[in-house]
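Worksheet: one structure, shown below.
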Amino acid sequence: MTYTKYSASGNDFVIFHTFIEKDFSQLAVKLCNRTEGIGADGLVVLVPSSDADFKWLFYNSDGSDAAMCGNASRAVAHYAYNNNLAPSSLKFLTGAGIIESRVEENIVESQLTAPVVVKEPFSQFGLTWFLVDTGVPHLVTIVDDLDIYDHKMSSTMRHEHNANVNYAKVVDGKVYVRTYERGVEGETLACGTGMAACFLRAHDLGLVDDIAFVYPKSKEELTLSNKNGTIYFKGAVKKVFTTDI
Ligand SMILES: N[C@H](CCC[C@H](N)C(=O)O)C(=O)O
């Protein structure tokens, strides 16, 4: 089978396409393993769809499935276009609904699903948290120092609220984010729906404009836009290698 490795701002994925839709969760664990597999934060499988250019199956590296993944949506759009599976402006079906993406060379922009506030701001561990679903659930806290990020605290919050955990710092209208990702069970170099959740929270607080640069742990520059309540997420993706195993 031919597998392709992508990096989307440091959030990395193994991607392949097949006609057969089945449970690939154990394959995800095997392929995402960073010592004995290809190594990635997640596995994306493209399968045929009668309602869109294709349907995807998304798995975190622990084999859990997730409805949506912002960075993988950008990588998979680039993969589909460059493998002649879809045009450069495409639609695909995810667990969170239809996602529209547009590919321009190595820059891909995805329209995210409508955000849903799950819980109004609350305090825990001496921080104020906001819980919003941007395709998957995200906890967001706005901090002055990203070194506040703590694995144990993040793991506790992740399991108590069944959500990804994001820490955001805003400086001069730009957002800097660190994310503990559910299903990876650790900090990733970028988390797209997490960056979108942080952008939303900062925008609600009047800290950023309708368009803002957002920088994850990898320090790559991404653009988040709020166009009449619809969130767009744009940035570079990189096809790292293809392998037959
Ligand atoms: N780990 C997430 C899914 C991937 C989200 C992230 N990689 C992104 O780019 O949005 C979850 O289980 O909710």
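Using the three backbone atoms N, Cα and C, a Cβ is placed for every residue, glycine included.
Because TrEMBL annotations are produced automatically, they should be read as predictions rather than curated entries.
Going by TrEMBL, these are the annotated features:
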ACT_SITE  C69  active site, proton donor
ACT_SITE  C191  active site, proton acceptor
BINDING   N11, N60, G70, N71, N164, E181, R182, G192, T193  substrate binding site
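DSSP classifies N11 (substrate binding site) as strand under the three-state reduction.
Recorded residues N11 (substrate binding site) and the residue listed as 'active site, proton donor' have their alpha carbons 10 Å apart, per Cα-Cα distance. Residues D41, G42, A66, C69, A72, V136, T179, T188, A190, C191, G194 surround the recorded substrate site, their Cβ atoms falling within 8 Å of the Cβ centroid of N11, N60, G70, N71, N164, E181, R182, G192, T193, which are themselves excluded. In this structure the residues listed as binding substrate are N11, N60, G70, N71, N164, E181, R182, G192, T193; their two most distant Cα atoms lie 14 Å apart. Look at the binding-site residues N11, N164, T193 and count other Cβ atoms within 10 Å of each Cβ; N164 has the fewest. N164 (substrate binding site) sits 9 Å from the residue listed as 'active site, proton acceptor', taking the C-alpha atoms as the reference points. Inclusion criterion for the recorded positions R182, C191, T193: a C-alpha placed within 10 angstroms of the C-alpha of the residue listed as 'active site, proton donor'; this criterion is met by C191, T193. Counting other Cβ atoms within 10 Å of each Cβ, the recorded positions C69, G70, R182 show the lowest value at R182. G70 (substrate binding site) and C191 (active site, proton acceptor) are 7 Å apart (CA-CA, integer value). In the three-state DSSP classification, G70 (substrate binding site) falls within a helix. For the residue listed as 'active site, proton acceptor', the number of other Cβ atoms no farther than 10 Å from its own Cβ, over all displayed protein chains, is 32.
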